[in-house]
Structure formats: C-alpha cells, structure tokens
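Taken from TrEMBL, the feature transmembrane segment applies to 6-22, 27-44, 115-147, 197-216, 252-271, 283-300, 361-389, 395-414.
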Amino acid sequence: MLSIIIALIVTGFVTMFVLKGYKAQAILMAGGIVLMIAAMLIGQDLPLPESATTGSQWLDVFQFIKNTFSTQSAGLGLKIMAIAGFAFYMHEIGASEALVRVLTRPLARIKHMPYFFMAMCFIIGEFLSIFITSASGLGVLLMVTLYPLMRSVGLSRLSACAPIATAVAVEMGPGQGNVNFAAEIIGIDVVDYVVQYQLVVAAAALITIALLHVVIQKYFDVKAGHIASEHRHLADQTDDSHSTTGEDGQPLAPTIYAILPVIPLVLIFTFSKLMISSIKMDVTTAMFVSIVITLFFEYFRRGNAKKVIDSIQIFFDGMGRQFANVVTFIVAGQTFAQGLKTIGAIDVIVNAAETAGFGPVLMTIVMVGIIMVSAILMGSGNAAFFSFANLVPDIAAKMGIAPVVMLLPMQFVAGMSRNISPIAPNMVAIAGVAEVSPFELAKRTAVPMLGGILISVFISITSF
C-alpha cells in the first residue's frame, strides 16, 4: 500500500510541475529517480538486475539512465533523428512544398463544393504527414498552401484551420516517432506494424474524421452566420498556381522535387517482406540513402558542389534538434516508467484491476484514457505516449493479452488527443497565422478527434 501512495504522490507532483510549464523531460526523469530511490528505501525492486549492477544501488539509478541513453541513441533515437534531419532538409530545399503543389492541383475540380473540398484537404494533409512528420512544420506549410485555397472557396478562417490543425492527427507510416516506438516495444519491424495493424484502423479513423469535419465545420459556420457560397468571390484572387516564387520570394523548387520526400517510404516498403525480402532496409538506412540521392538532385539544380555539400549541415542540425526534443523525451519517459515498475505500482494497478473485475478490454480503455488526458493537458502526443507506453508490456503480460492490443489504440489516441489541446504547439502556430483563438480552434477540432478516437479504439479492440 505504501508503494502505491508514494507512486501517486510523485505522479501528482510530476503532473503539477509539467502543467506549470516546467521542462517535461527533466520532471519525468526526476520523478523516475525519486521513485527508484524510494523503492530501494522501502525494500522493493532495484533499478538494475544484479548482473548489470555497478556495485552501488544508488549509482544504479543513474546507470539505468546512461544505459537508456546509449540504447536509444543507437536504436530508435537514431531512427527518429534521421527522419527529422531528412524532413528538415526537404523543407529547406523546397521539396516538401513541391509535393504539396502536386497533390493539391486536382482540388481545383471540386472548388464548387467547399466542405467536400475541405475534407479532401484534410486527407491530403494526412497523406503528407507520412513524409512530413512534424505537426507544427506541416501545419505552417499547409497554412501557406492549402489555407488560401480553402479560404478562396468560401470557408471561414476556423473551418480552413481545422483540417490543417488535424493533418497529423492519425499518425501512420514508418516516419512517425510514435509508430517506431510502438513497433520497438512490440518487438516487430515497423513495416509489419504499419501493414498488419495500422492500415485498417487508420483508414476507418480518416474516413470518420473527414466526415465529422464536414458536419461540424458547416454547423459552426452556419451558427456564426457564415455562408460559404457568399464568399466564393475570393477564388480568383488567390490563384497562384502559376507562381514561380515562394512566400519568401525565392524560386520554387522544380516539380520533380516532389518525388524526393517519397523516396524513403518507397525504399522501406520495396526492401521488406512485401516485395524484395532478400534485401532488408531499415528506416535509418533509407534516410541516409535518400539524402545522398537528394544531394545529387541539388547538385544538378544548383551546379555548386561546395554549396551542396555544405548544405548537409541542415540534415545534421535536424538530427541534433530531434535528439534534444524527442530522444530525451523517450529516455525521460522510460526513466519514469522504470520508477513506477521498480516501486511496484504496476503490480498494484493490475491486481486492483483484476480484483475490480477489469478484463483486457476495460484495462485497455483505462490506458487509452490516461494517454488521452495526458496528451490534452501537456499538448503533446509524444510526451504522453513516451511516458506510458513502456508500461504496456508488463500490464499486457499480466492481463494475458498481446501488447499490440493496448499499444495500437494508445498510439493513435496520443496523436488525436493532442489536437484537442489549445496549448499544443501546432494548434497555437496555426491559430496564430490565421489570427484566430486556439481555444476556438480546439472547439472545431474536438468532435472530429473524439470521433476518430472512438472508432480507432473500437476497431483496435475488436480486430486484434
């Protein structure tokens, strides 16, 4: 009983400090350290097994953190850093914008149906999120490209912002950090996780969210007295399809650059069990191969070898930024999770759930609820998922189910719940560009996200 009281107190303080704006990584790590020390003081488990101990239980706490940093930096962390570095480079050379231009051209045919147009913009945004994995980065890019188009067909500012704000809600594909993290915890290849588990749930969630966007945005527009058909006169004023310069006045990247962000995904799926099984290419390798191919494209475009070679620093800077922002989150989350395990809180929770008659389904819903609330309060799907996903293997084993049954809905819910939070960075950035309130934007995104959450949890539980 003492262990659960300590765990609740520490978790309460961690939550309080994070909500007050303290650096989440530092608070999570501190919480984990306190829990591990408390576990030793009350005679619970040790931070490390005897075979891996430093010889001092107190130093073992910090040895665990060091081991976790080493493991993550060489494994999942390296994947996430390589993905981010490539995404930064794609943005810098204009390849991301070229891909957006290519995908949005067919939308001109449905300009006379503004809310269907908006739904298709959401689908395109989600497709782009497979290659442009930063929610804030993609959001700002779409505010430059899709937002003017949606305004031109008569949509209100908030209706045009809502599908952009939720464009990375359904996190799918091997480029997403949460997807790679889930696959690693389950112990399967990320391509297998995407194909075997993600596709069905993602498809259902996308359709549900798109339909709810149509209903909800039209409802709010009508309620506010905004009739889309009365604002279509803006259409001819925002057509920049023949523009040769971007927003910053620089020349647009060639249209062929639209293929560059897609190359890693093509490589990953080509050299897998799905196609050429004799050759295996992981995410990190695919990113390195793709950046080399991109450098050749840049050389033929610019003709300046030194400038092109020097530009590789953008890739490295992107990797470093992701280490600071995401890899540290993973380590901090694992440290906090280890603290909860060491002090015995997980055993108490599972035993209490079994005593209360909770089966695997109810326990999954509880974990999903924890992720949802955490993501909304922290404004980050990564922070919520990285903090609690590590607990799943132990809980699932004690409940007698496969970890994927819990992890799959948790992973989807983390991404969707972030877009209900008015303090999420992408929500704040998008609202700022459109000069609307992030709280008003959150009202527009809440129902579509809740619909996506319900359908993803239902299909995950019933299908797997």
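Yeah, the Cβs are placed from backbone N, Cα and C, and that goes for glycine too.
Between the transmembrane segment (6-22) and the stretches 115-147, 252-271, 361-389, it is 361-389 that has the most C-beta pairs under 8 angstroms. Residues 78-79, 82-83, 85-86, 89-90, 93, 95, 174-175, 180, 190, 256-257, 260, 263-265, 267-268, 308-309, 311-312, 315 of the same chain lie 6 or more positions beyond the ends of the transmembrane segment (283-300) yet place their CB under 8 Å from a CB of it. As a quick check, the transmembrane segment (197-216) and the transmembrane segment (395-414) clear the bar of 3 or more Cβ pairs under 8 A, pairs 6 or more apart, so the two touch. Outside the transmembrane segment (361-389) by six or more residues, the chain places 15, 18-19, 24, 28, 171, 177-178, 181-182, 185, 326, 329-330, 332-334, 336-337, 350, 353, 395, 399, 405-407, 409-411, 413-418, 420-425, 427, 453, 457, 460-461 with a CB less than 8 A from a CB of the stretch. With pairs at least 6 apart in sequence, the transmembrane segment (27-44) and the transmembrane segment (115-147) have fewer than 3 Cβ pairs within the 8 Å limit; the two do not touch.
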